[in-house]
Amino acid sequence: MTDLKNDRYLRALLRQPVDITPVWMMRQAGRYLPEYKATRAQAGDFMSLCKNAELACEVTLQPLRRYALDAAILFSDILTIPDAMGLGLYFEAGEGPRFHSPITSHADVVKLPVPDPEQELGYVMNAVRTIRKNLAGEVPLIGFSGSPWTLATYMVEGGSSKAFTVIKKMMFAEPKTLHLLLDKLADSVILYLNAQIRAGAQAVMVFDTWGGALSGRDYKEFSLHYMHKIVDSLQRENEGRRVPVTLFTKGGGQWLEAMAETGCDALGLDWTSDIADARRRVGDKVALQGNMDPSMLYADPARIEQEVASILAGFGQGNGHVFNLGHGIHQDVPPEHAGVFVEAVHRLSRAYHA
């Protein structure tokens with residue numbers, strides 16, 4: 001495999017010295033870019049885009065052609081695992097992801113298979129290999145998965161949810177059923193992420209988008225426990241380098257200490273966390289990723305720069321910070337504003353690494 005020309009993202013995740021703070025954006029390959037919309041139209045629909053390795057590679061690389069980003073992230077979806085389990089993922093216009101066969105009973109969970117990542121999810125591994133080859137060592141490639149809890153919310157609710165009443169009914173009325181589902185999902189995520197690492201992903205991230213919907217006790221039992229199991233079972237070295245693992249729970253700022261105990265290398269922060277406070281609490285154990293409000297990219301360039309400066313000052317001198325948004329970039333953000341953001345992070349962060 002080609003040597004990395006820019007490894008500052010990997011170094012920052014391991015709290016090693018860097019010259020400037022690395023930056024990438026969640027959903028950096030996406031609908032805010034006109035070239036993405038053109039490629040998606042060529043593919044026909046979202047899942048066809050995910051399943052075509054050449055087109056998935058193209059959209060992964062598109063933001064790197066525009067911006068001096070320090071990492072690429074695999075273009076895929078968190079719901080590939082439930083789809084591979086046979087739930088029948090589809091996308092309803094204006095409603096987001098849905099499943100033809102949601103989980104409604106203990107029997108449904110018992111019969112769920114654990115997918116083979118090189119078979120049912122082989123298209124994802126083909127995309128990883130294709131992207132890695134085309135990156136030619138410019139920047140590292142991030143692989144990812146949804147967390148067991150977050151995947152379970154979609155599988156039990158049948159799609160997106162605001163109140164999570166269906167899965168919480170299962171959690172409180174049939175906890176054994178939910179634990180069986182989460183255990184199967186954790187096993188599936190372990191196989192899936194390890195296959196991505198073998199295929200060429202140089203870092204991995206677990207997205208726990210809906211962990212913040214839980215109470216502290218329930219979060220530890222139904223979400224964090226299973227992410228801990230995943231971290232314990234991941235291949236942490238490949239091609240002679242450590243493969244860093246980042247955990248991100250949206251709305252999880254109150255649980256950073258518990259998250260840091262999992263043995264992960266970094267924690268993602270959403271914009272509701274104060275990065276200075278987070279560093280005081282867990283900065284001796286993990287790197288931190290984040291955490292500008294994605295809506296700040298609607299502001300004028302001077303305001304975006306001001307916010308970047310504020311977050312850099314909050315983290316302070318030294319290593320262990322990967323700059324990012326606190327969640328995915330919005331689809332109607334002007335692409336030039338994303339450019340202002342990336343350039344400002346690099347220019348303003350140099351003083352913090354002197």
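Backbone N, Cα and C atoms are what each Cβ position is placed from, and that goes for glycine too.
It should be emphasised that the depicted structure is a prediction, and the values quoted were computed from it without experimental measurement.
Per Swiss-Prot, the candidate among His327, His337, His346, His353 that belongs to the substrate site alongside Arg27, Gln28, Ala29, Gly30, Arg31, Asp77, Tyr154, Thr209 is His327. Among Arg27, Gln28, Ala29, Gly30, Arg31, Asp77, Tyr154, Thr209, His327, the residues given in the record as binding substrate, the maximal Cα to Cα distance rounds to 23 Å. Cα of Asp77 (site 'Transition state stabilizer') to Cα of Arg27 (substrate binding site): a distance of 10 Å. For the binding-site residues shown (Arg27, His327), fewest C-beta neighbours within 10 angstroms: Arg27.
Each of the recorded positions Arg31, Asp77, Tyr154 was scored by the other Cβ atoms within 10 Å of its Cβ; the lowest score goes to Arg31.
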